[in-house]
Amino acid sequence: MSLSGMTVAFKASSSSVTQQQWWHPTRDQCQYGFTFLSERKFRKRPVLLGVKAISGKLDLDFSDPSWKQKYQEDWDGRFSLPHITDIYDLEPRTTTFSLKKNRTPLGDGDVSSTDMRNGYVNKDDRALLKVIKYASPNSAGAECIDPDCSWVEHWVHRAGPRKEIYYEPEEVKAAIVTCGGLSPGLNDVIRQIVFTLETYGVKNIVGIPFGYRGFFEKGLKEMPLSREWVENINLSGGSFLGVSRGGAKTSEIVDSIQARRIDMLFVIGGNGSHAGANAIHEECRKRKLKVSVVAIPKTIDNDILFMDKTFGFDTAVEEAQRAINSAYIEARSAYHGIGLVKLMGRSSGFIAMHASLSSGQIDVCLIPEVSFTLDGEHGVLQHLEHLLNTKGFCVICVAEGAGQDLLQKSNATDASGNAILSDFGVHMQQKIKKHFKDIGVPADLKYIDPTYMVRACRANASDAILCTVLGQNAVHGAFAGFSGITSGVCNTHYVYLPIPEVITTPKHVNPNSRMWHRCLTSTGQPDFH
């Protein structure tokens, strides 16, 4: 299963046999339970299974009338947020965060709603993750827990400032680190974290240079940060602090945190960086350190579980339009022109799908989640022939992780432990050229790979707003005493999630979702099997 670690079984079709046949999806399971895919995909893999789901360590039997209650209790336990009071006996104090214009810190007395203009989030506020009640597993994009698609509420903690905090701001030393690759909006998040910390009254704010490497690499010193230093860093792309992949052992990083007397650590990164942040959080708890570790999800691939979107994604889709439009113009202007654009998306095709939808110029979109063949009667190359014959040109958009099953694997990994993918864009380019040469049809192919142009640009307005809110909420979460959490947006609401639940696997495009169906409607491409 993807998100919740749940495996389920559901009936594919009615049968007169005594033992029911149930299809068992693996790769395509969704965050809540399972998603019903086309019967054709699993036609060759029937497995006899019982009707049950495994959620975490909980084995659910749907014939048990109390299975919903057991599931809900398991969900609530998994999505409870780690808190520093789990290891420390602490009394909270009244918050110093105020929306009053004079920025005067609030006193020790009760805080009236008028002081904050009702600006506090109650500790018992929750946001609902799932809002569609599917009538059947056959519904497009259905995400169901049981074969009957029973309605079960999935609540998570609402993000925002609390009335009570667990740190004395003037005693806090806060550190910010940006990890992994570049993404539009990194500087916006850094900026808002600093602004919000200062609003609480924190004076000691530092940046750790070049990712986790900055904790142990000799010669890399922490950078003092303040509103004056970060005021205009959002006007440019990249990371003001620098980035890197990989890092030292968790124990060495926590040794450095302990030696630097850091109280709050804000980690801006993707799945790998979140895993590192959770390991740091666990080691701090093991040593009984009063340190809040809060992550902010950064990946232009938009592949973090539960999140509506991660910052940098909107900008990446918007920037990709330049490459697609260039490919379209080149293809449209040439005799038998073919434009080929490779976009980011190691294991998830969200950028390619959304860029294809938004441009309206794509004839073929290939993503990692949907298998396809290049050769043969129903292959991609045959469809390209059809497009050249009927409209005279075509434009193709591929995600970098698409078609990996058609290429030779290297088994090599980068510094973050990610598999180094074979270059499908170049492979596609060579296959197209060879195919049309072999059949004696002239074809003018233009290949565009805008990867690093997209990563390095400044955040657009939509991402800048998202970065602002995520950065602010990360600070609110730390002062509320949470640790081992990430700040995200789910079902349009800003929430806190425990890191382990969002890093079990990357989020994938559901091939049965309405969004993918919309993309297919836009491109008009057939099923390449």
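Counting starts with 1 at the first residue shown.
Glycine residues also receive a Cβ, built from the backbone N, Cα and C atoms like all the rest.
For reference, TrEMBL has these:
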ACT_SITE  D301  active site, proton acceptor
BINDING   G181, R245, G246, G270, N271, G272, S273  ATP binding site
BINDING   N271  Mg(2+) binding site
BINDING   T299, I300, D301, M344, G345, R346, E400, Y452, M453, V454, R455  substrate binding site
DOMAIN    174-476  domain 'Phosphofructokinase'
SITE      G272  site 'Important for substrate specificity'
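You'll find the Cα of G246 (ATP binding site) roughly 19 Å from the Cα of R455 (substrate binding site). Taking the domain 'Phosphofructokinase' (174-476) as a whole, pLDDT averages 94 in the prediction. Around S273 (ATP binding site), the C-beta neighbours below 8 angstroms that are at least 6 residues distant in the chain are C179, G180, G211, V267, A295, K298. For the pair G270 (ATP binding site) and T299 (substrate binding site), the C-alpha distance works out to 5 angstrom. Fewest other C-beta atoms within 10 Å: among the binding-site residues G181, G246, G270, G272, that description fits G246. Around the Cβ of T299 (substrate binding site), the number of neighbouring Cβ atoms within 10 Å comes to 29. Comparing Cα positions, G345 (substrate binding site) lies closest to G181 out of the binding-site residues G181, R245, G272.
The residue listed as 'active site, proton acceptor' sits 13 Å from G272 (ATP binding site), counting Cα to Cα. Max Cα-Cα distance over the annotated substrate binders (T299, I300, D301, M344, G345, R346, E400, Y452, M453, V454, R455) is 17 Å. Figure note: comparing Cβ neighbours within 10 Å for the recorded positions D301, E400, the maximum is reached by D301.
Taking all protein chains in view, 14 other C-beta atoms sit within 10 angstroms of the C-beta of M453 (substrate binding site). Nearest neighbour of N271 (ATP binding site) by Cα distance, taken over the binding-site residues T299, E400, M453, R455: T299. There are 24 other CB atoms within 10 A of the CB of N271 (ATP binding site), with all protein chains counted.
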